[in-house]
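Here is what Swiss-Prot records for this protein:
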| type | residues | note |
| --- | --- | --- |
| TRANSMEM | 7-27 | transmembrane segment |
| TRANSMEM | 57-77 | transmembrane segment |
| TRANSMEM | 140-160 | transmembrane segment |
| TRANSMEM | 193-213 | transmembrane segment |
| TRANSMEM | 225-245 | transmembrane segment |
| TRANSMEM | 260-280 | transmembrane segment |
| TRANSMEM | 290-310 | transmembrane segment |
Amino acid sequence: MNKYWTLVLLLSILVVLALTFYFFTPLLDGIVMGVVFAYVAKPVKRKIEHVGRIKASVIATAIVILPISVLMFYGLIQGLNQAIYLITHYKVIESGILNILSKMGIEEGEEYVKWITSNVFSILQSSIQPSAVEITKKATLLILNFFISIVVCFYALADMENFVRRTTSVVPEDRRDEFRRFVEEIDVTFESLWFGNFVVAILIGLVSLPFFLYFNVPFAPLLSGLMFLAALIPIFAEWMIILPVSLYLLLVDVGRGLSFLLIGVVFLYVLPELILRPYFVGYTSKIHPLVLMLAFIGGGLVGGISGFFIAPMIVGLATAIYNYYTKEELATENHDPESV
């Protein structure tokens, strides 16, 4: 009879967990981002913890979230304005393309270019109108997830230690120290992973500013901030800044556009994403650079925004488990009298 009720209890817990996951799935991006932001803000909270747990959590959350929110919303507004301008003023792009062709010595095909641009922009205008509701839904969900990430970040900073303490009290007493050390290993790995990733994003944003200024790109400080924001999501996101800027410079001056594209790809993408980030973050979190790079790429392809963060965390969890048990084995060998 006891076994029957134990089975019913386990099944009930599984059903509740499955339903919870199902209802939380649309908000998964916000929850995961909130956890990541909490690990980024954790070193800040540790420095100011003397002011109190709640106050330190609020300040640390604000220090991390405020710059990101300002850059994200201002970037979205500017991007929307520029997209509307391009769609309604496609003649400017058309004349820019014709200017590029004339500089390259290609005089033929003017009517063909005009026909292509007019058709492309008419298709864009007609396709945007029916999908306006869908775009509004996605934008609303994005904003909602971002605000959820702020709330999750704050509560993760404020209450995570209490949660771990209560969870530890459920563990059998003879295993509590082992469980506590295991949780600490995971915590250190995740903190090193996401704080290191945040530092690399800041470096990419700072390094991009001289490039934008050198090539006389408008809104250079804003674009540098957006590069930092894009670099928070590794491997893919920088292209959302590099390609539009390259296209703009190509319309202004072909040589400048090609030079920026080449230099931008090498110094703002290949070097930081394929060399600096994997090695730096791998060094701080003790995760192998190749495994980390594959986790970022695979997670993004499979799970979108949340996948970018969940896959490296799974790899980080596996690394923490490996590091913990290798440390335990080494400690056991050192204390073994027969090994002396």
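Every residue, even glycine, has its Cβ placed from backbone N, Cα and C.
Non-local neighbours of the transmembrane segment (57-77) in the same chain are 37, 40-42, 44-45, 48, 51, 146, 149-150, 153-154, 157-158, 198, 222, 225-226, 228-229, 232; each lies 6+ residues outside the stretch with a CB under 8 Å from one of its CB atoms. Within its own chain, the transmembrane segment (290-310) is flanked in space by residues 28-29, 32-33, 35-36, 233-236, 274, 277-278, 281-282, which lie at least six positions past its ends and keep a Cβ under 8 Å from the stretch.
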